[in-house]
Amino acid sequence: MDTLRNLLRTSPPARPQTVSERVVGALTTPLDPRAFSPQNPHFIPLPGSKPIPVWAAILPPLSYYVALTLLPPLSHHGAFSSSAVAATGKWQTLATSLRFALATISIVTFAVLPFAYHVPGSAILTYQLGLVGCYGACRVFDVFFLSYPRVPRRLRLDTSKPATGRQYPSELPNEQWPTQDHPVGFKARLWWALDLLISMRGVGWDYASPDVRHDTNPWQPPSRRQLHRAFFKIGPVLAVCLFGLRAMHASDYMVTGMSITRLPVGLRPLFVAFTGVSLYALFDFGYTVVSALALPVLRLIAPSATAAAQPSEELHNVDFFPLLNPVNLTELRSVRCFWSKCWHRLFHRAFLVYGVLPFQRLALLIEYAFRWIVARAQGRAAPSTPFADGRPSPARHADPGRVLNRGQGDWGKVVGAFVASGAIHAVSERAALGGRLALPPQHATVLLAAGKGGSHGSGIWSVTSFLPPFSGAGEFTFFLLNGLAVVVEAVVGKIVMAQRRKELQKAKGSSVQPRWYDIYIQLTWTLTVLLTSGELFVEGWLASGLVDELTFRSH
């Protein structure tokens, strides 16, 4: 009888889900990589943040891409009647409104990523979420608002070989390259938007970073040979560095807490060096493998979108361009050289627009105020305004960095670039830390509060002892100190060269010759700055468990 009652009480079978319900369910499902990644007990999400759903990961780049397809102006070529031209104008107005609406959606959804969402159980992916959110919002705002009404243009590259059969590198400045017309057809717009979306450094575009060359000289092996380089050159270096990091991270020194100050002073530079080389190798390995696999696909689909191209023109960005320049230890003669020639330029545009330009203007105003005060004190006429020739801006110049006056406010340009970099990385570090402070046990505030003059841990002083007490301060301070180091070495270099010129004039020599000891002083300075300030960088990585995930260490 009870069995019969239970059968009668059984609810009817569930109604099968409709297609729309399945789609909504799939889009609202959080991304959770914990089944495929090592456990990270140190990762604590930002209070109030939610696991990122699929739709929140797709919407920012998708709205950006659709807006890019509407960025080139609509053409009324072939429309001979006034009514056709008027119709084109109406469609242009509609496209402009839709474009700005999509761009605004993209900016907002990019910007909230590191504050409203996290990737469950993963500090590394949450850190990447911060980088993607900050850079994405900055990039979209630059393209659609700061650069308005200028639209990026593809450069017209001549791939025909000279009569000698040998192609030489072109020395033509970036701003003097001939450009292509904007796309008109639907397929051409789709390809143009995809190319612009993935071209962070602007390879083949008029806004390219200074390290990019636009000629077709095969100075790098083709993409099909890059896999061999990735697995047999970069891979072993990465494995050695990760093994060294894991060994130090799992040592008895780290039992009492995750801090760089727990390690002996002799191991700290090695830990920082292994972390830096690991990042270098990971960037290069990932970029090379993805490029080698993706470029053949791009070559297959490109002709359909560029069927109208001339045989001697290259309308698509399908040539392998290296992410990082090969590092030679003897070339690391300055901190500036490391960041400008050895590290990647993926965020160059963001640092230029949001760091270099505003900080150079600030530096020029400070220098102008100083000259004005001196001139007034000496009874001379006030100097001319520093902006008499106009201000370089993305709206007037494809790459405003190329038209900046050399020698004017240079210190502001340097500091601005590093401050912008520090701000973006600080937001990412804060997201990985969950808003927590990453302070070493012998931090100055802790010692003052405890009323102790000594230190905990290894008993050795560390630059991390003076970290500002806010979440994300480690990476921000790291980049700020490196920027100041670039300014200091430039000032010292000018003083040394001036002194040597005086000595040269007395000796009646022809040119200033480098000293035999210059390279040793320069290498010592560069490595000291990078490895010492690097402790600020890795402190947050240890506290958030980023190193645990990087070395595949499970707990």
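Placed from the backbone N, Cα and C atoms, the Cβ positions cover glycine too.
According to TrEMBL, the region 'Disordered' annotation covers 383-402. Listed as Cβ neighbours of the region 'Disordered' (383-402) (distance under 8 Å, sequence separation of 6 or more from its ends, same chain) are residues 142, 146-150, 152-153, 173-175, 202, 205-210, 352-353, 356-357, 361, 364-365, 367-368, 371-372, 375, 408-409.
Sequence annotations record features per position, and here TrEMBL assigns transmembrane segment to 100-119 (among others).
Same-chain residues lying 6 or more positions outside the transmembrane segment (125-146) and placing a CB less than 8 Å from one of its CB atoms are 33, 43, 45, 52, 60-61, 64, 67-68, 71, 99-100, 103, 106-108, 110-114, 117-119, 152, 196, 200, 347, 349-350, 353-354, 393-395, 423-425, 427-432, 544, 546. Residues or ranges marked as transmembrane segment by TrEMBL: 125-146 (among others).
Using a Cβ-Cβ cut-off under 8 Å and counting only residues 6 or more beyond its ends in the same chain, the transmembrane segment (230-250) has close neighbours at 263, 267, 270-271, 274-275, 277-278, 281-282, 284-285, 288-289, 292, 542, 547-548, 550-553. Here TrEMBL flags 230-250 (among others) as transmembrane segment.
Annotation source TrEMBL lists transmembrane segment at 270-295 (among others).
Distant neighbours of the transmembrane segment (351-370): 138, 142, 146, 383, 385-387, 391-394, 399-401, 404, 408-413, 415-421; these residues of the same chain sit at least 6 beyond its ends, with a Cβ under 8 Å from one of its Cβ atoms. Annotated transmembrane segment per TrEMBL: 351-370 (among others), in sequence order.
Taken from TrEMBL, the feature transmembrane segment applies to 476-498 (among others).
Beyond the transmembrane segment (476-498), the same-chain residues lying 6 or more positions past its ends with a Cβ under 8 Å from any Cβ of the stretch are 334-336, 339, 410-411, 414-415, 417-419, 421-423, 425-426, 429, 467-468, 512, 525, 529-530, 533-534, 536-537.
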